[in-house]
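As annotated by TrEMBL, domain 'Beta-mannosidase-like galactose-binding' applies to 105-179. Positions annotated as domain 'Glycoside hydrolase family 2 immunoglobulin-like beta-sandwich' by TrEMBL: 206-309. Annotated domain 'Glycoside hydrolase family 2 catalytic' per TrEMBL: 316-552, in sequence order. According to TrEMBL, the domain 'DUF4982' annotation covers 613-669. For 684-782, the entry in TrEMBL reads domain 'Glycoside hydrolase family 2'.
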Amino acid sequence: MKKNLLLWLFLSILSWKGNGQAPYEKLSLDKGWRFFKGDIPFPTVKGHRESYNNAKAANALGAASANFNDKTWQSITLPHDWAVEGEFDKNENVSQGYRKRGIGWYRRQFKLDATDKGKYIEIQFDGIATHATIWLNGILIHRNFCGYTSMYLDITALAKYGDEVNTLAVRVDADTQEGWWYEGAGIYRHTWLLKRSPLHVATDGVYAQPVKYENTWKLPVEITLENSGASTTNANIEVSVLDTQGKRLASQSTQNEVGILKKGVVNLNLSVDNPTLWTLENPYLYQVKTIVKQANVIVDSVVTNCGFRTIRFDADSGFFLNEKNIKIQGVCNHQDHAGVGVAVPESIIEFRLRKLKEMGVNAYRCSHHPPSVEFLDLCDKMGIMVMDENRNFNISSEYMNQLRWMVRRDRNHPSIILWSVFNEEPMQGSEQGYEMVRRMNAEVKSLDNTRPVTAAMNGGLFASKNVSQAVDVVGFNYQMQSYDRFHKENPTMKLTSSEDVSAFQVRGEYKTDKAKNIMDAYDSERAIWGATHRNAWKAIAERPFLAGAFVWTGFDYRGEPTPFTWPSASSFFGAMDLCGFPKTAFYIHQAQWIKDKPIINIAPHWNWVDSLGKSIKVMVMSNADSLKLLLNGKMIAGQKVDKYDMNTFSVPFQKGKLEAVGYKNGKEVSRTKVETSDEPFAVQLIPDRLFLNADGQDAMPITVKVIDKKGREVPTAQNLIQFKIKGSGKIIGVGNGNPNSHELEKVNQRSLFNGLAQVIIQADEDTNTIELVASTEGLKPFSLRIPLRKATIMPYVKVINPVIELNEWHISAFSDNKPNPTQEIAENDMNSWLPTKSSQLQAFTEGKYALLRTSFSLNDNLKNRKLVFKNLIGKAEFWLDNQLIFKKDTHESTTISIPFNGQNKNYKLVVLIETEKNQRAGLGGLVTIE
Ligand code: GAL
């Protein structure tokens with residue numbers, strides 16, 4: 001083994017390119033999966049032999065086994081959410097958006113280079129909804145009980161190298177629910193394969209979070225090393241901080257000895273002078289580069305980001321970022337988006353965060369579970385603060401592991417300002433709840449003491465023992481009536497809203513019709529426990545002791561169509577709909593939250609041709625001081641702006657143009673209009689960006705509209721639009737934000753809903769311009785060309801054709817007389833035949849004959865199959881289900897290929913080997929079914 005290690009070190013040096021990259025690989029494992037929707041029950045285990053075998057490692061049965069035939073399964077690329085592919089069904093759970101979830105299976109085969117042997121190998125799943133069981137090569141390697149936590153699976157000891165194939169099998173149980181919102185189904189986040197040196201930095205093993213002491217900045221860095229090798233190693237650890245230009249600002253190094261299969265923790269403390277701060281306007285990120293050297297050779301390198309910022313909550317004056325008093329203008333959100341469910345590409349997450357920033361949002365609550373890493377990286381980069389929330393309120397070991405994982409994974413993100421340990425738990429007002437949170441808080445602090453812990457409470461606040469006494473910042477869910485009393489009774493407690501509003505709007509609707517599940521978009525409808533957007537904010541804005549708001553919600557999401565049920569399938573709470581199209585609430589928040597630029601917007605549209613002369617309620621959202629309203633150029637009203645309530649007018653409808661003009665200090669600062677349009681004339685497509693990156697991942701939403709002859713959009717249009725796509729891209733989903741729609745989401749057509757629909761396209765890996773054509777009967781079609789930019793394709797684990805490998809064999813005793821190949825083994829005889837593998841020659845010292853035996857099953861009836869034996873040595877007879885199917889008459893090593901017609905059944909395969917005594921013979925290579 002020592003030799004192996006030296007060889008590995010030598011190869012590492014050879015592969016070391018001297019370009020700052022360490023011999024370390026993180027490969028995407030998203031491509032090349034096979035998927036089966038539905039369960040594949042495990043075969044019943046019966047009888048002594050089967051029971052005995054079933055209890056042994058590497059012997060998983062059915063679809064979990066290494067040699068299961070998955071050829072007929074669907075080929076897919078992750079991330080994948082199968083629930084969003086299906087239809088809406090009244091009999092399914094309203095909370096999951098009336099989508100069937102169920103059970104599904106995934107399999108992926110891959111090979112590892114012979115030169116990978118000796119490295120540390122890890123498989124990572126970033127998120128599987130919801131319960132998952134994972135096997136590698138027929139060995140159960142993990143069970144996961146949370147749809148929002150990552151799995152880091154060390155497969156170093158179990159992996160196969162060279163010609164041999166590794167098989168991952170994943171059974172996903174998405175019937176299990178963890179939430180009361182749409183959770184999707186399947187492997188919906190990324191999957192990775194990591195290859196590292198035996199001495200390496202553990203996954204999530206760098207904790208580097210800057211801390212300010214009076215006027216100096218320190219960067220304490222804690223590094224956890226692991227040694228999967230066979231000798232104790234001396235590690236040299238070097239950490240440096242680099243700015244965005246790559247300039248090194250500080251560095252430090254230390255040494256540590258890491259024992260065999262041991263962990264080692266080292267601590268460094270760097271000083272950084274005058275760093276550029278991480279702010280909301282300029283979210284400056286530094287890189288922390290950790291290098292591990294062994295005998296002067298770099299064996300591992302990890303780069304993490306960090307941001308220099310301080311956060312502080314104050315019982316009287318709320319929240320401070322870098323000692324600047326900032327009101328939190330936050331939103332709560334779930335993670336699903338139109339068309340794609342919870343398998344949301346990074347570029348769509350970026351689009352969503354961009355829309356939120358446009359709305360004036362500065363904080364995001366990940367309700368009610370940890371988000372993806374990509375999401376947090378984007379918040380770091382875009383300057384959005386985050387409340388990172390734990391899913392399960394439970395202090396037993398499995399659940400505490402989930403909490404620990406969250407903090408360890410996320411604690412370097414400057415965007416995170418709060419850890420939330422729960423949302424609305426019935427135990428919140430009890431001694432037990434208090435004790436649980438006390439323990440969870442302590443656990444969080446043992447991993448990160450730079451951020452406060454909160455819990456989102458919707459009651460129990462005044463109980464003699466309650467959770468508010470165990471957190472650092474008390475989170476209020478819908479406790480408007482108690483803000484003042486609680487503050488008065490607990491003047492030293494730090495307070496924030498963790499959830500407020502819960503108002504209902506449907507985009508583009510201006511008349512509530514409860515019989516049709518429609519809520520107007522004037523901010524007049526709300527849940528009984530909630531408040532309108534305007535009232536909720538007013539209550540928070542006027543109380544300096546409250547750190548801020550977290551509006552329920554920024555975007556609509558599937559499920560929870562409160563206050564309705566079927567046919568409504570998604571929520572009404574969002575300031576934006578499921579596609580990210582703004583509702584009136586979006587503009588209300590813009591007017592309330594955005595200070596540095598003029599905001600003005602009018603609701604509703606001006607297409608009320610059936611209501612000529614009738615009064616229309618008009619709402620203007622503006623951050624000006626005063627407003628004027630003009631109808632067809634004539635001033636019809638003027639008002640002082642109410643910064644919380646906004647301004648409403650009653651305007652008799654006349655066709656034409658309704659304008660709103662905003663003034664500050666008597667000067668016009670903003671102007672907007674709505675205009676009556678004519679009949680639809682043409683379709684229009686508006687891309688979110690002018691290009692896509694040809695990396696196979698980049699995706700973008702395209703807005704679909706219809707316009708009249710004069711190019712004015714028709715806000716009432718509901719046309720069904722058809723899409724055709726050519727070139728290097730595909731449509732990955734469609735939507736229109738109608739919570740009552742049951743149209744399918746993975747198709748090439750969508751109706752407009754109140755004038756808008758969205759089609760999401762994703763780039764392939766080559767650069768043929770995409771052409772997307774949108775058409776509908778009677779209107780002029782639109783053709784959009786989107787160029788693709790050459791882009792780096794993330795390195796990935798090579799996709800191989802599915803192989804059935806017959807690896808597991810038993811060998812009989814050696815004999816001098818020819819044994820009977822059709823002999824049965826007694827049911828209870830576990831010891832006279834010994835387990836062996838293919839690619840393992842036998843030394844025939846005790847006789848010239850031996851039988852090798854295995855079994856396999858095929859779950860299809862494919863004719864023209866082949867049994868292939870590589871490098872078989874010795875004379876041999878091949879018996880399939882007690883029939884002689886082939887004879888090899890020579891001794892030398894050859895590859896034998898035996899055709900047979902496959903059937904959906906179990907097979908017994910016996911190979912009789914004959915050789916000279918004291919020769920080595922047998923299965924010299926892999927045995928496969930092709
Ligand atoms: C809260 C809950 C949210 C959502 C919301 C709807 O009680 O925390 O998840 O259900 O109500 O108003």
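Placement of Cβ uses the backbone N, Cα and C atoms for every residue, glycine included.
The listed stretches are 206-309, 316-552, 613-669, 684-782; of these, 316-552 has the most Cβ pairs under 8 Å to the domain 'Beta-mannosidase-like galactose-binding' (105-179). Relative to the domain 'Glycoside hydrolase family 2' (684-782), the listed stretch 316-552 leads the set 206-309, 316-552, 613-669 in CB pairs under 8 A.
Residues belonging to the domain 'Glycoside hydrolase family 2' (684-782) score a mean pLDDT of 98 in the model.
Note: the domain 'Beta-mannosidase-like galactose-binding' (105-179) comprises 3 helix, 38 strand, 34 coil (DSSP; helix = H, G, I, strand = E, B). For the domain 'Glycoside hydrolase family 2' (684-782), residue counts in helix, strand and coil come to 0 helix, 51 strand, 48 coil, using DSSP.
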